[in-house]
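Listed in TrEMBL for this protein:
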type	residues	note
ACT_SITE	Glu247	active site, proton donor/acceptor
BINDING	Asp162	Mn(2+) binding site
CARBOHYD	Asn266	N-linked glycosylation site
SITE	Glu193	site 'Interaction with galactose moiety of substrate glycoprotein'
SITE	Asn284	site 'Interaction with galactose moiety of substrate glycoprotein'
Amino acid sequence: MPFVNIKKQYLAMGLLIFVMLFLFNTRPVFQCQFNAEVSSYLPVIYGITPTYARLAQKADLTRLSQTLMHIKNLHWVVIEDSAEKTKLVANLLKESNLKYTHLNIKTHKTKQSTPTSIQKVRGIKGVAASGVEQRNLALDWLKGHLQKAEDQRGVVFFMDDDNTYSLKVFDEMRKIKRVGVWPVGIVGGMRVEMPLVTDGKVSGFNAWWKPFRPFPIDMAGFAINATLFLEHPEAKFSRKVQSGFQESEILKYFTTRDELEPLAENCTKVYVWHTRTQKPSIVNPQKLKRPLVSYDHIEV
Ligand code: UGA
Ligand code: MN
């Protein structure tokens, strides 16, 4: 019947239009999803932070953890300089909702470990470095973790607990191939200590404090491709080197000055500051003449 034939034709046409619409609509969607997957790949940032008990510790760690809450795909490795893990740090980590690993190791202090008061006032490093054993323990943990991980890519960033970090520094470090560098504000007696860049390559350093260091940069001024720690499992910090040489000590395993990758717009932007929290001075409660309510039970 002609009526049936017409209907069949309409049906075939309709089907064709439907298939074409489906293809037109879905192909870009597939492509978008695929592209989104490729471009949204973010290497894990392993932020390694030694920390020790002091009056401003919780304040410093609160500020830092609340910066880190804005960073995608970050794994915070916090190492307490103590014989036991403390409740203060354990609770702070738990409440942060960050992905973290909590470790501890106590530094065995020698007489040399404490900076002189002049060094403290000038805001430069003491005689012996802080955080050496803690960062090394974190590197041991990292190697074990990466060996088991499906995805061994990542970025290692050594973060002091009292520095100030712009969110932008984390975007920068995800671009590194081996070792990336950038300026650090307010450090080594300068407004900014920074690599000098010529034609997209590091050609020198603008550093006043110990400019003869192999890499005259602060710990906050570089990040390292995490996979390299599997290639060089011997890479670690050392108590044997003089003050200010820890950065050079670790970097020497992975890179040369020529190979450094300048970031933060060819090292013209400051995205991290070597701030230091002033040691607070409070009155000794035992010496107070007026009886006050005891606040020992309050975590500060
Ligand atoms: C500078 C550098 O930025 C640090 O990376 C380097 O570790 C340090 O000097 C050094 O070589 O001693 P600075 O501000 O002088 O930093 O040092 P701190 O911020 O007091 O200490 C660096 C990190 O180690 C901090 O995260 C701090 O919490 C931790 N630390 C400090 C300990 O774990 N134990 C300590 O006894 C002192
Ligand atoms: Mn510091």
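Using N, Cα and C of the backbone, Cβ positions are placed for all residues, glycine too.
Overlay of TrEMBL annotations on the structure.
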| residue | record | Cβ neighbours (10 Å) |
| --- | --- | --- |
| Asp162 | Mn(2+) binding site | 19 |
| Glu193 | site 'Interaction with galactose moiety of substrate glycoprotein' | 25 |
| Glu247 | active site, proton donor/acceptor | 22 |
| Asn266 | N-linked glycosylation site | 16 |
| Asn284 | site 'Interaction with galactose moiety of substrate glycoprotein' | 6 |
The correct three-state DSSP answer for the residue listed as 'N-linked glycosylation site' is helix
Given the recorded positions Asp162, Glu193, Glu247, Asn266, which one's Cα is the least distant from that of Asn284 (site 'Interaction with galactose moiety of substrate glycoprotein')?
-> Asp162
Those recorded positions in Glu193, Glu247, Asn266, Asn284 whose CB falls under 6 A of ligand 2, listed in sequence order | none
For ligand 1, pick out the recorded positions Asp162, Glu193, Asn266, Asn284 that have a CB under 6 angstroms away from one of its atoms.
-> Asp162
For Glu247 (active site, proton donor/acceptor), the closest of the recorded positions by C-alpha position, picking from Asp162, Glu193, Asn266, is Glu193
Can you tell me how far the Cα of the residue listed as 'N-linked glycosylation site' sits from the Cα of the residue listed as 'Mn(2+) binding site', in Å?
-> 26
At the level of the C-alpha atoms, what whole-angstrom distance separates Asp162 (Mn(2+) binding site) and Glu193 (site 'Interaction with galactose moiety of substrate glycoprotein')?
-> 18
